[in-house]
Amino acid sequence: KRQVSLLVLCVCVCQTGSETLRYSLAEEIERDSFVANVAKDLGVSLSQLAARKARVVSEGNEQYFRLNQNTGVLTVKETLDREEICPQSDVCTLFFKIFFENPLQLIRGEMEVLDVNDNSPIFPENEMVLEIPETTSPGSRFPLERARDKDMGSNGLQNYNLETNSHFSLNLGTGKDEGKYVELVLQRQLDREDKREINLLLTATDGGSPPRTGTAQVRIVVLDANDNSPVFTREVYEVRLAENSPAEQLVVRVAAEDPDEGAYGKVRYAFTQTSEPSHHLFQMNTDTGEIWISGNLDFEEAKGHEIVVRGTDGGGLSAHCKVRVEVLDVNDNVPEIALTSISGSIPEDAPPRTVVALFRVRDRDSGDNGRTECAIDGELPFSLTPTFDNYYELRTEAALDRERTPEYNITITAMDWGTPRLSSQESISVQISDVNDNPPEFTKAVYTMSVKENNSHMLRIGSVNATDADTGKNARVSYVLVPEQGKEKPNVSVNSENGEIYILRPLDYENVRAFQVAVQATDGGSPPLSAQALVRVEVRDENDNAPVVLHPLPNSSATAGELVPRRAPAGYLVAKVVAVDADSGQNAWLSYELAKATEPGLFRVGLHSGEVRTARAVSERDAARQKLVVLVRDSGQPSRSSSVTLSLALVEGFSEAHLRVSEEAPAAEVEAPLTLYLIICLSSVSALFLVTVIVIVVLKVRRARERETETGPAFPKIAGESNCGSLPRSYVYDVCFAAGTVNSEFRFLRPLFPCFPAGLPPGPGDQRSSVYSQDVANLGEEGE
């Protein structure tokens with residue numbers, strides 16, 4: 001059984017400019033054994049160790065250590081065997097890296113694996129046979145096979161001991177490879193007749209504590225006399241081979257000459273004192289001395305080999321030579337890219353020079369064959385920054401925009417400087433995470449929608465739409481109405497999810513013809529971004545209002561009687577019906593027609609003007625009392641209408657009419673509402689207007705007197721029909737007032753609306769009627 005010493009752990013932490021941790025531990029320690037407290041050695045708290053996701057990565061394919069983030073303790077994952085890890089190295093050092101994230105930090109570490117004396121010296125063969133002629137002179141040397149100890153240093157092979165005898169002694173030496181060799185030295189002449197064979201025990205001892213030993217039996221066969229030994233043409237053969245040399249390629253041919261004849265002169269060749277790897281890489285023809293390649297040479301594993309060849313004749317005499325093979329490096333290893341740390345996703349607002357990944361490039365070749373360089377394929381906003389020990393950092397070089405490029409597939413090419421140049425590639429996928437840097441955008445700045453008045457409740461009239469170039473919740477758009485200060489809540493609502501616009505309550509075109517509201521679209525980012533658009537709602541008119549007669553007023557004194565002279569010619573203006581419609585457009589276009597009349601052929605009504613005129617001259621046969629029903633109809637679909645009744649009196653003269661009207665008409669109340677309106681209206685008339693009216697009246701009176709003098713009594717003439725087909729702005733009558741005339745018996749109203757050209761229909765929404773009213777009551781006798 002192996003004797004494994006107690007674990008001795010030597011820790012030495014060396015803080016240099018690059019923060020290198022150096023530890024040492026003995027091999028063969030149990031798995032999960034304590035190595036070091038990294039958190040304590042680095043001065044990092046346990047909370048930081050866990051928050052920054054500290055981990056340990058060993059170089060190469062094997063991971064020998066484990067780091068506990070909760071305790072900061074570094075332990076071994078498996079039992080370490082120094083002889084397997086570093087089979088040919090005096091110093092066995094394992095290199096590892098400790099990585100921290102947030103921010104990214106790398107700390108180098110070195111672990112020296114100390115040798116434990118767990119291997120005994122072993123001879124290649126349990127028995128070594130030497131054939132020595134009896135004529136061999138004392139002092140002759142005979143090399144023996146060396147023992148091999150896998151341990152190194154003081155635990156390696158230290159000494160040989162030979163069983164006590166009278167013929168041979170041992171000679172110890174150190175070769176160029178610093179390995180100890182042993183030779184058997186003949187001290188006294190052999191005598192075959194005295195002793196045919198000599199058996200000796202050879203013991204190899206290492207320097208461990210306690211030491212380990214290995215033994216081999218040396219059997220010496222004494223031969224009859226052979227007085228000539230083989231002699232090699234050269235003591236050392238030197239050969240240079242490229243590491244890519246094919247198998248079975250001839251390496252060298254060694255030759256030894258023996259002047260003896262027969263079996264004593266025939267030399268046979270064999271390897272001796274040759275390491276095990278060399279035995280596997282080379283083979284030898286025992287008869288010809290040719291050495292050829294039997295395996296694959298690898299400069300990275302061994303840069304040279306030394307082979308000892310022994311030539312032995314038939315009589316047992318032998319000679320030795322050395323073959324030194326130098327392996328030349330060939331660019332046969334492609335660079336290896338090993339990713340150490342990578343950020344799979346970075347935000348699009350990451351500043352330039354942000355570290356995305358950390359990797360190492362390794363080429364096992366040497367010289368220019370092992371010198372490497374790295375580059376990124378294509379024009380990408382990333383760059384490579386070399387750090388140390390062939391490590392590179394992949395960093396951002398410019399601002400990123402997820403909306404333009406959401407993902408980058410970065411191909412890194414590593415190329416050596418050998419001939420031919422070899423390269424390898426590694427692809428890294430980097431996702432760009434979204435940041436709320438784009439506000440919503442409406443498809444239109446102003447949305448125009450229309451709705452008919454008298455609409456139903458919660459009527460959908462259209463929708464607004466805004467898009468956001470971001471993704472996820474940053475692109476989730478919600479809609480809301482923007483309240484206006486000082487204004488009541490609008491009669492619309494918006495669906496926060498899809499932007500549909502609804503009318504909450506029925507609208508009235510006559511009250512509101514159009515209105516507008518602002519809609520705000522807000523995304524779901526943090527902080528949220530928003531944009532606004534204007535929604536203009538136009539109310540379309542419906543024919544929901546019947547015409548309203550403004551003059552004559554229904555149930556007013558104006559309907560009591562209109563005076564028409566008996567001598568009125570055809571076309572005489574009797575009255576004017578003025579009506580308006582609260583609707584607009586075609587719904588407000590009014591037409592007038594005579595619905596009913598006492599004398600159907602006596603009067604006619606203007607289709608668009610509403611003027612009641614005589615259709616023919618008034619005759620004596622016509623009834624003195626005439627009653628007309630005028631129908632006012634709009635042009636809507638379906639049309640609506642209103643009617644008004646006019647009472648007309650046919651009179652011979654104004655004095656006679658005055659008497660009849662005064663007898664039939666009831667006395668007007670002094671406090672009638674119309675009187676109050678008249679007082680207010682007259683008080684507001686400007687002095688200039690009154691003066692103008694007075695002047696016009698005086699001129700008309702003078703002209704009327706002149707005509708009366710020439711033709712007799714005459715009715716007042718119409719001042720002239722205007723092009724608009726309505727009454728002129730003023731009428732002038734010769735009026736006589738009798739005693740007892742009250743203040744309400746004369747009335748005068750100004751035009752309410754401007755005049756429009758006659759015969760043309762009004763435009764949408766226009767009120768194209770002029771209102772005039774005149775009342776003549778209590779007229780006096782004709783003339784003054």
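Yeah, the Cβs are placed from backbone N, Cα and C, and that goes for glycine too.
Copied over from TrEMBL, here are the features:
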- 767-776: compositional bias 'Polar residues' (COMPBIAS)
- 61-123: domain 'Cadherin' (DOMAIN)
- 124-232: domain 'Cadherin' (DOMAIN)
- 233-337: domain 'Cadherin' (DOMAIN)
- 338-442: domain 'Cadherin' (DOMAIN)
- 443-549: domain 'Cadherin' (DOMAIN)
- 564-668: domain 'Cadherin' (DOMAIN)
- 765-784: region 'Disordered' (REGION)
- 1-18: signal peptide (SIGNAL)
- 676-699: transmembrane segment (TRANSMEM)
Top Cβ-contact partner of the domain 'Cadherin' (61-123) among 233-337, 338-442, 443-549, 564-668 (pairs under 8 Å): 338-442
Within the domain 'Cadherin' (443-549), residues counted as helix, strand or coil by DSSP: 4 helix, 48 strand, 55 coil
Helix, strand and coil totals (DSSP H, G, I; E, B; other) for the domain 'Cadherin' (124-232): 3 helix, 55 strand, 51 coil
Average pLDDT across the domain 'Cadherin' (443-549), rounded to a whole number: 91
DSSP-assigned states of the domain 'Cadherin' (564-668) in counts, ordered helix, strand, coil: 15 helix, 45 strand, 45 coil
